[in-house]
Amino acid sequence: MNISAWSIDRPIPIILFFIILSLGGLIAFESLAVQDYPDVDLPAITISTALPGAASEQIEAEVTERIENAISTLSGLKHISSVVNDGSTVTTVIFQLEKPLEQAYQEVSAVVSGVRSKLPNDATDSRVKKITSSSQPILIFSVRSESMSMVELSWFVDHNIINRISVLNGVEEVKRIGGGNRQIHVELNPVRLNALNVTASAITQRLRKIQIESSGGVSTLNGTEQVIRTDGNVHSLDELAAIEIPFIDGRSFRLDQLADIRDTIEDNPSIALLDGKPVIAFQIARSKGAGVIEVANQVDQAIRNLRADFPNIHIARITDFVSPVEESFSGSVRMFVEGTFLVIFVVWLFLRNSRATLISALALPLSVLPVFIGMYFLGYTLNLVTLLALSLVIGILVDDAIVEIENIIRYLRIEHSPRTATINATQEIGLAVIATTFAMIAVFFPTAFMKGITGLYFRQFGVTATIAVFSSLAVARLLTPMMSAHLLKLSPEKETRQNNIKMVYLRFVEWCLDHRIWTLVGVLLFFFGSLFLSGFLAKDFMPRIEDPQTQVMIEMAPGAQESEILALSEEVRQKISSIPVVKAVFSVIGAPVSSESGRNSMETYRKATLNVILGPSKDREKSNEEIESEISRLLSRVPGVRIKVGPRGSQRHVFAFQLMSADPHLLSLTARKVEGELKTIPGFGSITSTVSELRPELLIRPDFAKIADLGVSTQDIGDTLRVSTIGDYEAYLPKLNLGQQRIPIALIIKPESLSQIQLVKMLRVPSANSKTGTVELGQVAEVRLTTGVGSINRFNYSRVAKFEVELIGVDLVDAADSVARMRSIQSLPKGITRLDIGDAEELNDLFHGFGFAMLAGVVVIYIIMALLFTDFLQPITILSALPLSFGGGFIALLLTGKALSMPALIGMVMLIGIATKNSILLVDYCIIYKNGRGATFREAIIDACRHRATPIIMTSIAMAVGMLPIAIGTGSSDSEFRSQMAIAVIGGLFTSTFLSLLVVPVVYLTIEDFRSYIMSRFRK
């Protein structure tokens, strides 16, 4: 059945069908969310646990290792890593990609609940959290007020701003940065405590027992039931100061006799500064599936309402990652429209027929709109990947329509009626159109099943492109023939002479057929030469996307004070602000308040993150990398600090690897040697590492004979020191009841009162055998200064040292080779292993994934061609143009200075289908001509070149011209990503089109000669 003839005779159902599809596509398009990247559910879970006051090595042994051992029993584990700091540990569990995220979450939660009884009693309950691609903040705002204190403004942000924004549709999480909560400090004097023979822990315990609110059951009085509640809370500072603290010996003291009581702010886990001035900020993350632009619009409206309700509060957007998404979306639409008009112009230039051009032009929107319906029902979004798929298939979507219309016009020129010409032309070209479409599907669809993280992100690419190509087939076989039969006019003018260019081309074809060996040798030389040239291409995982900001991360040596990191970050900020393109600098000292780093951690005030606001890439001359290089030069002489310059996430051009060992001492020594040698290698910029630095530590070593004699326990010593220095555990702190607010009451020793070892030794600890009930710490323990390990990194149950090397003019492959040749790496001690991570690891998976996709595409194409043409040998002819396309892609990338990375590899995959299409058109006509007229193989292939060269050249030029806006594309943050892909495709199109028009005839004739030879041998 000729489905095209059926559509010609029944135009109304076809018209209604495409009207419905178009309307549905428009509605679906309006419903699709706009995002930067697809939402990907990586089976990754984090487990955060805090043990305030504990050293990192203690937490590693008592918490981290126990959690890791429990997790190791789960199936489908890929790897497990942990970061241990003083006071906290965060373990990240990565499962194999085949494992559903929700199942991984449930299994990890169950294991963590089971291991809780094996952790220290003072450890907080572990927080289990999924890692999602939507968890990154999309907006950051600053808040300030001249009429509020920092504490009041923090409370306002938590209870007004965050509460309002959190309920908005599509908002997943809102976090405050900077500021601090109100807290009552009860500051004890150790000299006074020593004189009274009182311990800090004893006062804490007494206060905890007095200052409490608890339920007391239920009573029935006067025939009604009442809930009994005991309220021991104080409601003012005066009441708190007047509390009598009783002791075992019968004495009691007012609290203000034992301590100074201050209404202040909690020890800040983070400090936020905008251009050096303290601010309070909050960041917003969207929920999975929510559109970035839609969420931002809702947030902006909520901010406008807040400004109207609270005019004394000033809320300003510091930075956002919404503008690049808007820019990318509008850029994609603009490039699609530009490409469409260019394709239409090329069609008109070849056909010089306005009606034929109109029919071809309609194929584009009518092929694209149904794609949005498929995306809607599949839960896809308009993101970089799906928009890229649509941008790249512009030429492909009109390809089938062009081939059919060109053939219909050719039939019209031999004086057929439009209906008869259309039916005969579509009948002749039908198999070729179907074959080329399925060849393209065979290329695109396997990319949806690539392994690794790349495969997850590009699943939407493969499916979207497949739907679009299949949609174009429906247009070409149903709508284009129907419109051609009813709109195209009869063209009685016969073609009286061959075009001069075509005559020259045919002479080249005949020469190549006469010199087949030389032609094939030339093709092989071209192919191997292009492979040789590809060795000069830089290899990278992904090109840099221009963000409106970058980051500078500062890390001081362990033990740094708050004042030191503040001064250093301000010095760095001033240097960065001297760069003209920098608009603002938003600094965060320590971790956000919602961080799992633990309260009062020594790690808090030795790290700072400076968010450098640059503005849109289109408004500045310098790229992010150029600005980052300038920042690196400015900060290169800052002493005694580790500085990392680069964007959030994994876009920085770095080579990362790690050393693993079960021996911490050996690992530290080896890592320092490796770090030193890395600094000597040309092309390597700044080196950042996690080599554990020693931090100052005050070691308390109990004298076991004395503590046994005096009835002192090690637990009592630890509790006294913890309460005296950082206060009791947060859950145990008594509260000041102020109605809607419960203000924590923290009891500590004044920090300045413990500034010397001798003062620490004077701290009183409980003693069961002492007459006074207490003894000085110095009587039962040795107190001395020493050093301990700061942050600890672990990977797969062993300690690791991670390295990040900034690459300057060096690609990942060369960097990996340079590191592998290092003397310190080649002579690694026994028990030390090296493992590439980050982009280097992903690059390897990337090449394997795309290699699989290409191989699968070629195999599927061969099978489809063998089935359609019922021949095992001619599909080889069809595939012979593939090497020519790859060579052109490599040469184009080399000439334009682009790297061979993810987008370029996608272009290479696409070239497989394009090159196959050209061969199919030639081979299909050969079969038709030979079977219909009984011509020789040589006559058939020459006639195929005569009649199919025009549509091949026309569709290839249309495809290349349609991609020109993408290849040239500027003004968009992701233009480099698109550009690499388009350049690879255009280069491959050029060589595969013009060389395949010469090579495919030679291969076709050679294979037929081979077939004849084999058959003649069998006949004998």
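Cβ coordinates come from backbone N, Cα and C, glycine included.
According to TrEMBL, the feature transmembrane segment maps to 12-29, 333-351, 358-378, 384-403, 429-449, 461-480, 517-538, 846-869, 876-896, 902-928, 949-969, 981-1007.
Counted over residue pairs separated by six or more positions, the transmembrane segment (876-896) shares fewer than 3 Cβ pairs under 8 angstroms with the transmembrane segment (12-29), which leaves the two as not touching. Only sequence-distant pairs (6 or more apart) were considered; of these, at least three Cβ pairs between the transmembrane segment (12-29) and the transmembrane segment (358-378) are under 8 A, so the stretches are in contact. Taking Cβ pairs closer than 8 Å, the transmembrane segment (358-378) reaches residues 18, 21-22, 24-26, 28-29, 31-32, 340, 343-344, 347, 351, 386, 390, 394, 397-398, 400-402, 405, 460, 463-464, 467-468, 471-472, 474-476, 479-480, 483-484, 487-488 in its own chain, all 6 or more past its ends. Between the transmembrane segment (429-449) and the stretches 333-351, 384-403, 461-480, 846-869, 981-1007, Cβ pairs under 8 Å are most numerous for 461-480. Note on the transmembrane segment (981-1007): residues 388, 392, 505, 508-509, 512-513, 516, 519-520, 523, 526, 873-874, 876-878, 880-882, 884-893, 895-896, 898, 903-904, 906-908, 910-911, 914-915, 918-919, 922-923, 926, 937-938, 941-942, 944-945, 949, 952-953, 956, 959-960, 963-964, 966-967, 969 of its chain, located 6 or more positions outside it, place their CB under 8 angstroms from a CB of the stretch. Contact check: the transmembrane segment (902-928) against the transmembrane segment (384-403) gives at least three Cβ pairs closer than 8 Å, residues 6 or more apart, which meets the contact criterion.
Only residues 6 or more beyond the boundaries of the transmembrane segment (846-869), in the same chain, are considered here, and those with a CB under 8 A from a CB of the stretch are 431, 434-435, 438-439, 442-443, 446-447, 449-452, 454-455, 541, 875-876, 878-879, 882, 902, 905-906, 908-909, 912-913, 916, 920, 923-924, 927.
Under 8 Å from some Cβ of the transmembrane segment (949-969) lie the Cβ atoms of residues 331, 334-335, 338-340, 342-343, 345-347, 350, 391-392, 394-396, 398-399, 402-403, 406-407, 502, 505, 914, 917-918, 921-922, 975, 978-979, 981-983, 985-986, 989-990, 993, 997, all in the same chain and six or more residues away from its ends.
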